[in-house]
Ligand code: UGA
């Protein structure tokens with residue numbers, strides 16, 4: 001099927017390449033000329049495992065192209081909209097400027113019967129607001145939220161846990177047009193539906209809310225365990241053993257119970273804030289008032305990591321060399337948007353520490369935003385003469401491959417702060433280190 005994808009960021013670029021990899025003819029469109037130039041050459045403009053391969057393959061096959069010209073959308077049957085919905089400057093609500101601009105930009109190029117499929121994460125009510133504009137061109141709007149995780153984006157796009165289609169409804173059920181559009185989306189995604197991926201057809205509001213509630217739930221799970229970590233810290237309990245124990249209950253589950261410096265990135269933080277803002281607008285602010293607490297717990301963990309480092313260094317970080325391992329908001333990503341890792345590094349620098357930061361993928365992005373920090377590609381150089389080591393992104397390079405003996409041969413001090421509870425405390429202690437975890441004795 002001929003498809004267009006408007007917006008070629010983390011979501012759109014992966015979606016475009018993934019759709020080409022399952023056999024569709026895809027044009028990716030973005031206003032950012034640098035990004036389009038890179039993608040057109042088959043170069044991934046950001047770090048995402050597996051993306052490079054499907055980009056190269058798609059372009060070589062002739063099924064995948066990129067352009068800044070919206071007119072290229074003409075002739076596609078389905079137009080995906082995957083532009084960003086960042087937090088508004090000066091508020092909690094989502095900034096929908098890019099979604100509106102993408103839909104309006106598409107309008108002149110839509111033909112009768114086309115489908116515009118929104119993938120961006122939007123406040124509930126957005127699809128209903130945009131649908132008449134699309135209908136004015138004889139096309140139909142569906143909302144088809146995306147659940148991909150950075151670092152696993154290719155796999156999550158080709159083989160998702162579920163697909164959700166919010167379609168036009170009548171008397172609480174999909175209208176005839178809703179059924180038709182759902183069928184077209186089934187054809188788009190047939191390789192994964194054939195493998196058994198659930199395909200849920202619903203109304204606009206439910207589809208929009210599925211996405212924000214999934215992210216709100218994940219954020220809540222992380223802050224829940226981090227709240228328990230705070231209690232563990234004053235009682236001498238170990239939050240990781242506790243998480244293992246409660247995680248054995250299938251109703252709870254161990255995943256996303258990783259206590260540490262908390263969640264960041266371009267999604268969870270801004271999505272819970274946008275959800276709160278939208279609930280307020282709907283007169284139901286109190287229903288999700290707990291999300292403010294989830295946010296507050298999350299941000300407190302960054303303070304705690306700074307506090308632990310200060311404690312580890314005997315009360316002051318001033319003029320101490322701190323080796324910060326990690327800048328990305330999580331491993332397998334070069335994304336530093338709202339990164340707890342980078343935030344902790346910046347705060348330590350603000351307190352007068354001599355911060356040297358390393359990361360396998362995110363140094364370039366971090367340097368652009370925070371040129372005041374010292375960056376080092378090489379892990380050994382980062383560790384050399386450090387008074388303290390702090391791990392803030394759990395890359396395998398630090399978690400698995402860094403031997404505490406080797407680190408001890410390079411660093412000056414013997415204190416390690418494990419901001420992600422990803423190191424083996426016994427192994428580090430055996431190598432002479434004083435180990436500080438998050439919510440661990
Ligand atoms: C998140 C969701 O997981 C995806 O399902 C969703 O599609 C995506 O947002 C989105 O809305 O686009 P992502 O932002 O890539 O995906 O990252 P996650 O894997 O969810 O991690 C988010 C943050 O939580 C990271 O900073 C991670 O370090 C942190 N985290 C995760 C923890 O602190 N503890 C955990 O146990 C798990």
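Cβ atoms are placed via backbone N, Cα and C, with glycine included.
From the candidate list 195, 211, 320, the residue TrEMBL records in the substrate site shared with 147, 148, 149, 150, 256, 257, 258, 259, 260, 264, 330 is 211. Here TrEMBL has 30, 35, 85, 121, 150, 337 binding NAD(+), and the candidate from 221, 270 in that same listed site is 270. Screening the binding-site residues 30, 147, 149, 211 for a C-beta under 6 A from any atom of ligand 1 leaves 147, 149. In the three-state DSSP classification, residue 270 (NAD(+) binding site) falls within a helix.
Look at the recorded positions 257, 259, 267 and count other Cβ atoms within 10 Å of each Cβ; 257 has the fewest. Between the CA atoms of residue 257 (substrate binding site) and residue 267 (active site, nucleophile) there is a gap of 18 Å. Here the domain 'UDP-glucose/GDP-mannose dehydrogenase C-terminal' (323-425) has a mean pLDDT of 98 out of 100. Using a 10 Å Cα-Cα cut-off around residue 337 (NAD(+) binding site), the binding-site residues 147, 149, 211, 259, 264 reduce to 264.
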